[in-house]
Amino acid sequence: MKTLLLTLVVVTIVCLDLGYTLTCCNQQSSQPKTTTDCADNSCYKMTWRDHRGTRIERGCGCPQVKPGIKLECCKTNECNN
């Protein structure tokens with residue numbers, strides 16, 4: 001009986017994937033790819049143009065942006081690359 005109970009607990013933990021974190025890219029513009037683990041359930045990629053050219057910012061979450069900034073939010077690992 002104890003073995004069955006232990007098996008059910010292990011299966012439940014594996015199926016629920018407790019403690020899951022999303023991996024988001026967080027490099028800026030044309031920098032080499034870097035990632036970070038995020039507790040948020042989404043990643044973002046912001047794109048805009050300034051006097052230096054096209055700028056890109058990546059990170060965790062889905063922030064509100066000003067007009068003129070393109071925002072893409074997504075919910076899978078490294079989806080904002």
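Glycine is treated like the rest: Cβ placed from N, Cα and C.
Record features, source Swiss-Prot:
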- CYS24-CYS43: disulfide bond (DISULFID)
- CYS38-CYS60: disulfide bond (DISULFID)
- CYS62-CYS73: disulfide bond (DISULFID)
- CYS74-CYS79: disulfide bond (DISULFID)
- 1-21: signal peptide (SIGNAL)
Margin query: Validating a neighbour-count step here. Other CB atoms within 10 A of the CB of CYS73 (disulfide bond): how many?
Written below: 14
Margin query: Considering Cα atoms only, can you say which of CYS38, CYS43, CYS79 is the nearest neighbour of CYS73 (disulfide bond) among these disulfide-bonded residues?
Written below: CYS43
Next item on the list: Go through CYS24, CYS38, the listed disulfide-bonded residues, and name the one with the sparsest Cβ surroundings, counting other Cβ atoms within 10 Å.
Entry: CYS38
Note to self: What whole-number Å value do you get for the CA-CA distance of CYS79 (disulfide bond) and CYS38 (disulfide bond)?
What the structure shows: 13
Notebook entry, point to check: If you count the other Cβ atoms within 10 Å of each Cβ, which of the disulfide-bonded residues CYS43, CYS60, CYS74 comes out on top?
Noted result: CYS43
Check: Secondary structure at CYS79 (disulfide bond) (DSSP, helix/strand/coil)?
Finding: coil
Next item on the list: Would you kindly give the Cα-Cα distance separating CYS43 (disulfide bond) and CYS62 (disulfide bond), rounded to the nearest Å?
Entry: 6
